[in-house]
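A.B. asks: Please find one structure pasted underneath; my questions will follow.
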Amino acid sequence: MLTTMLLSCALLLAMPTMLGAQIGLAPLEGIGRLDQALFPELQDLGLQPPLKRTTAERAEEALLQQAEAKALAEVLDPEGRKARSPRRCVRLHESCLGHQVPCCDPCATCYCRFFNAFCYCRKLGTATNPCSRT
């Protein structure tokens, strides 16, 4: 029973190959291009030829590539950029580790944790501090 079922499955799987193959050709010899197939009735369902681009589309694509190249060159060229003015303070919740500038908020202080490995500007609220959160 099992052998009959296995033989039937093998025949069903091999049937399309036997019916569609051309006599005297190996399976890959009949395919000259990607849009050709061994099965002539299925040739119309294959890959469509690529669409031809108009000159306007080509010009637009060239302009986009030039604009991208120019933008990339501006980003990567540090000499072409303006020099940034040094920041005079560190904002709240930003890292103040290694900075010699104070926090922007006068009520904030540079708060360090984990053996001074993680420091950031934070408002510390205490009862004696006039800037405490209430």
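Each Cβ is built from the backbone N, Cα and C atoms, and glycine gets one as well.
Remember, it's a predicted structure, so these values are computed and weren't measured experimentally.
Pasting the relevant annotations from Swiss-Prot:
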DISULFID  Cys89-Cys104  disulfide bond
DISULFID  Cys96-Cys110  disulfide bond
DISULFID  Cys103-Cys121  disulfide bond
DISULFID  Cys107-Cys131  disulfide bond
DISULFID  Cys112-Cys119  disulfide bond
DOMAIN    89-131  domain 'Agouti'
SIGNAL    1-20  signal peptide
A.B. asks: Within the domain 'Agouti' (89-131) only, compute the mean pLDDT.
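C.D. replies: A mean pLDDT of 79 is what the predicted model shows over the domain 'Agouti' (89-131).
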A.B. asks: Check the disulfide-bonded residues Cys96, Cys110, Cys112 for other C-beta atoms within 10 angstroms of each C-beta and report the one with the most.
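C.D. replies: Sorting the candidates by Cβ neighbours within 10 Å, the top entry is Cys96.
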A.B. asks: Using a Cβ-Cβ cut-off of under 8 Å, list the residues of the same chain that are 6+ residues beyond the ends of the domain 'Agouti' (89-131) and lie near it.
C.D. replies: none
A.B. asks: Could you give me three numbers for the domain 'Agouti' (89-131), the DSSP helix, strand and coil residue counts?
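C.D. replies: DSSP composition of the domain 'Agouti' (89-131): 0 helix, 15 strand, 28 coil.
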A.B. asks: Quick check for you: of the disulfide-bonded residues Cys89, Cys103, Cys104, which have their Cα within 10 Å of the Cα of Cys112 (disulfide bond)?
C.D. replies: none
A.B. asks: Among Cys89, Cys119, Cys121, these being the disulfide-bonded residues, pick the one whose CA is nearest to that of Cys107 (disulfide bond).
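C.D. replies: Comparing Cα positions, the closest of these disulfide-bonded residues turns out to be Cys121.
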